[in-house]
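Annotation comment: Swiss-Prot describes Cys10, Cys46, Cys79 as [4Fe-4S] cluster 1 binding site, evidence class sequence analysis. Annotated [4Fe-4S] cluster 2 binding site per Swiss-Prot: Cys148, Cys152, Cys155, in sequence order, evidence recorded as sequence analysis. Marked as domain 'MTTase N-terminal' by Swiss-Prot: 1-116. As annotated by Swiss-Prot, domain 'Radical SAM core' applies to 134-365. Positions annotated as domain 'TRAM' by Swiss-Prot: 367-430.
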Amino acid sequence: MRVGIKVLGCPKNEADCEVLAGVLREGGHEIVFDVKDADVVVLDTCAFIEDAKRESIDEIFSFVDAKDQYGYKLVVKGCLVQRYYEELKKEVPEVDQWIGVADPEEIANAIENGTDLVPDQPETVYRYRKRIDLEERPYAYVKISDGCDRGCTFCSIPSFKGSLRSRSIEDITREVEDLLKEGKKEIILVAQDTTSYGIDLYRKQALPDLLRRLNSLNGEFWIRVMYLHPDHLTEEIISAMLELDKVVKYFDVPVQHGSDKILKLMGRTKSSEELKKMLSSIRERFPDAVLRTSIIVGFPGETEEDFEELKQFVEEIQFDKLGAFVYSDEEGTVAFNLKEKVDPEMAKRRQEELLLLQAEISNSRLDRFVGKKLKFLVEGKEGKFLVGRTWTEAPEVDGVVFVRGKGKIGDFLEVVIKEHDEYDMWGSVI
């Protein structure tokens with residue numbers, strides 16, 4: 001059977017699908033990269049917020065429309081199916097098979113048998129199997145846990161991903177060792193909340209132990225940690241990230257807001273002052289540390305005063321990178337039942353205003369790198385430039401660096417930064 005896989009949504013989905021591809025190949029199936037060549041197309045979906053759901057549904061219909069032309073069987077899997085299985089099955093009968101959130105081996109067996117698979121509640125997290133690159137790139141996302149126990153009032157993820165389930169340090173290490181042997185130069189650790197890693201398995205926050213283990217592996221590579229929940233970003237985690245040489249000093253901390261009133265409504269426990277103190281302490285210890293965050297605007301009850309507090313918070317912290325999202329009213333969450341909904345047009349205006357403010361801040365923050373030498377990872381070529389990233393950018397969510405010089409994908413080069421705009425930098429190989 002020839003199987004094509006299309007991934008939507010977050011990096012955790014990408015990691016899942018590369019593991020699934022490996023399981024399918026171990027079972028004797030061929031992984032193809034063009035749907036025209038596939039007997040079966042697996043579409044992995046996202047259901048986090050309204051925009052992601054809409055994109056997933058649009059892609060489902062796009063693949064349904066192409067079925068007759070290419071003659072493949074269509075399997076739709078992932079978070080959207082786990083959350084809306086009965087509705088989807090009724091509304092889109094053209095889909096051949098529906099699969100929710102499950103273990104890769106269970107998914108592979110279901111695909112082979114042609115049966116739907118939607119667990120009542122996801123209870124497993126995959127054990128490492130040899131994975132297959134679905135894209136040529138020098139980095140890999142490694143999922144260290146699945147599910148979440150945090151209970152943010154705006155978030156629907158626990159309802160379809162289940163409670164926290166951590167992989168063992170040994171299992172993750174085996175996966176990373178294989179990825180390094182294959183030539184990966186950056187290992188990006190992902191989860192719904194990386195700070196919670198190990199609480200279920202080791203009865204403690206085990207991220208520092210995991211980082212120390214991975215840092216001890218041989219080779220030249222970066223370790224990047226994403227999705228650090230601010231309420232549980234401890235001094236031990238911060239110290240490990242700052243002290244270990246292969247861990248990049250990049251802190252992805254989704255604070256979500258800067259108004260104490262809104263933070264409380266969101267179910268967050270740290271106040272804005274506590275957040276400022278924590279983030280400032282990182283910069284005091286490592287001035288060039290990169291701080292990235294995510295913000296939700298238009299949360300129920302957000303007034304102009306709250307929004308002004310948010311802007312003041314952002315200006316004071318001076319985040320290097322910031323993603324701003326309009327609140328998505330998700331059925332089944334605590335926030336769904338909150339009154340005082342913000343007008344969508346008002347929320348959109350606030351998003352645009354915040355992003356304009358952040359563009360100025362990002363531009364100013366990049367000034368410190370002009371004239372500096374930075375390690376650069378080659379990811380491709382665009383015209384006369386090599387394209388890639390330094391340790392200061394995460395893939396897909398941040399800007400890129402354009403460099404004049406010679407190199408190939410996966411090379412680490414030393415470059416000097418010459419100029420920048422709000423998001424991207426330009427330099428040359430030394």
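Keep in mind that glycine also has a Cβ here, set from the backbone N, Cα and C atoms.
This view paints the features noted in Swiss-Prot onto the structure.
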{"residue": "Cys10", "record": "[4Fe-4S] cluster 1 binding site", "contacts (Cβ under 8 Å, 6+ apart)": "Cys46, Phe48, Val190"}
{"residue": "Cys79", "record": "[4Fe-4S] cluster 1 binding site", "contacts (Cβ under 8 Å, 6+ apart)": "Gly9, Asn13, Thr45, Cys46, Ala47, Phe48, Val101, Phe160, Lys161"}
{"residue": "Cys148", "record": "[4Fe-4S] cluster 2 binding site", "contacts (Cβ under 8 Å, 6+ apart)": "Cys155, Ile157, Pro158, Lys161, Ser163, Leu164, Gln192, Asp193, Ser196"}
{"residue": "Cys152", "record": "[4Fe-4S] cluster 2 binding site", "contacts (Cβ under 8 Å, 6+ apart)": "Gln256, Met266, Gly267, Arg268"}
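Counted within 10 Å of its Cβ, the other Cβ atoms near Cys46 ([4Fe-4S] cluster 1 binding site) come to 20, all protein chains included. Other than Cys10, Cys46, Cys79, the residues of this chain whose Cβ falls within 8 Å of the Cβ centroid of the [4Fe-4S] cluster 1 site are, in sequence order, Leu8, Gly9, Lys12, Asn13, Asp44, Thr45, Ala47, Phe48, Ala52, Gly78, Leu80. In the three-state DSSP assignment, the secondary structure recorded for Cys79 ([4Fe-4S] cluster 1 binding site) is helix.
Within 8 Å of the Cβ centroid of the [4Fe-4S] cluster 2 site, not counting the listed residues Cys148, Cys152, Cys155, the chain contributes Arg150, Gly151, Phe154, Ser156, Ile157, Pro158, Gln192, Asp193, Gly267.
Counting every protein chain shown, the Cβ of Cys155 ([4Fe-4S] cluster 2 binding site) has 22 other Cβ atoms within 10 Å.
According to its DSSP assignment, Cys10 ([4Fe-4S] cluster 1 binding site) is coil.
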